[in-house]
Amino acid sequence: MPSRPVPFLKGHGTENDFVILPDPLGGLRLSAATVARLCDRRAGLGGDGLLRVVRCDAIPEGRALAGRAEWFMDYRNADGSLAEMCGNGIRVFARYLERAALIRPEDGEVPIGTRAGIRHVRLTGTGSGDGADGGDGGAVTVAMGAARLPSGPGESVTVTIGDRRWPARHVDMGNPHAVAFVADLAEAGPLLEPPAVTPAAAYPHGTNVEFVTRRGPGHIALRVHERGSGETRSCGTGACAAMVAAARRDGRDPAADGTSVHYTVDVPGGRLEISEHPDGAVEMTGPAVIVAEGILDPAWLGPAE
Ligand SMILES: N[C@@H](CCC[C@H](N)C(=O)O)C(=O)O
């Protein structure tokens, strides 16, 4: 990071919270240690992750997408590790672009580059901060792409915490998930450590783990332990993975049935509405809020890396 004032914002989507660093030209060098310091809830700004807002042509991972998307979501977990995709983060990213007058609701579907490829966002509610939306920032809808449910070895995995074990479903939303169904969300305990997931070979880069319970027809609730961040109040990709796993468990497969399926997904930090369509596309709608905006103290940041 340069030792000069660096602007930041703070935002959240269903209480999955992020430090946002606008860096259109890609000038910031962010080490894992700097990201972890920024996301530290006591000594830093605090967040489950960090969103660097950079032009596609200003980041190596984005160059191949540059003709199709202008902006790239450079997402980091709270421990500084990279992740392919963040479903709550991309809604907050879109809200930032709206606030900075870089996109407008009239633009319709806006492509955003991510490490999992391009995702499209649509502003479906205003985040103007005038209170008209009840402070929830209004809704943003994201075309999340298709879920991938690997078949063969690694299709079914086991989640273990202490002496408790749950069979789980491997679902890939661009990033990895293990979805375990439980009778009661309290079964997972305090989730202070990452649950063990076996076979380990199913997840060479680690995984996010969702504990899911049924609330009623088309209605589930979950808790999540996120790779690189610990238990969080919400995970958008995790909610989509849980929705698809729940649909299959309920005998619904839009690609086979030819009809879309919709679930309400409750997370500790709020509610997401998620559909899966016959072409495989998963669509998620939820709030996205910008909470604050400021300047990082160069003295706190320390010398340039
Ligand atoms: N909170 C996110 C997911 C962030 C990335 C995840 N921890 C990973 O490492 O894959 C979401 O809303 O999807």
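Note that Cβ sites are derived from N, Cα and C of the backbone, with glycine treated the same way.
If you check TrEMBL, you get these features:
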type     : residues                                               : note
BINDING  : N16, N77, G87, N88, N175, N208, E226, R227, G236, T237 : substrate binding site
ACT_SITE : C86                                                    : active site
ACT_SITE : C86                                                    : active site, proton donor
ACT_SITE : C235                                                   : active site, proton acceptor
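Distribution of TrEMBL features across the structure.
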{"residue": "N16", "record": "substrate binding site", "DSSP class": "strand"}
{"residue": "C86", "record": "active site", "DSSP class": "coil"}
{"residue": "N175", "record": "substrate binding site", "DSSP class": "coil"}
{"residue": "E226", "record": "substrate binding site", "DSSP class": "strand"}
{"residue": "C235", "record": "active site, proton acceptor", "DSSP class": "coil"}
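The Cβ centroid of N16, N77, G87, N88, N175, N208, E226, R227, G236, T237 marks the substrate site; residues of that chain outside this set whose Cβ lies within 8 Å of it are G49, A83, M85, C86, G89, V224, S229, T232, C235, G238, given in sequence order. Sequence-distant contacts of the residue listed as 'active site', defined as residues of its own chain at least six apart whose C-beta falls under 8 angstroms from its C-beta, comprise N16, G49, L51, M73, Y75, T114, N175, G236, T237. If you measure from the Cα atom of the residue listed as 'active site, proton acceptor' to that of G87 (substrate binding site), you get 7 Å. Residues near E226 (substrate binding site) in space but far in sequence (CB under 8 A, at least 6 apart, same chain), listed by position: D48, N77, N208, T232, C235, G238.
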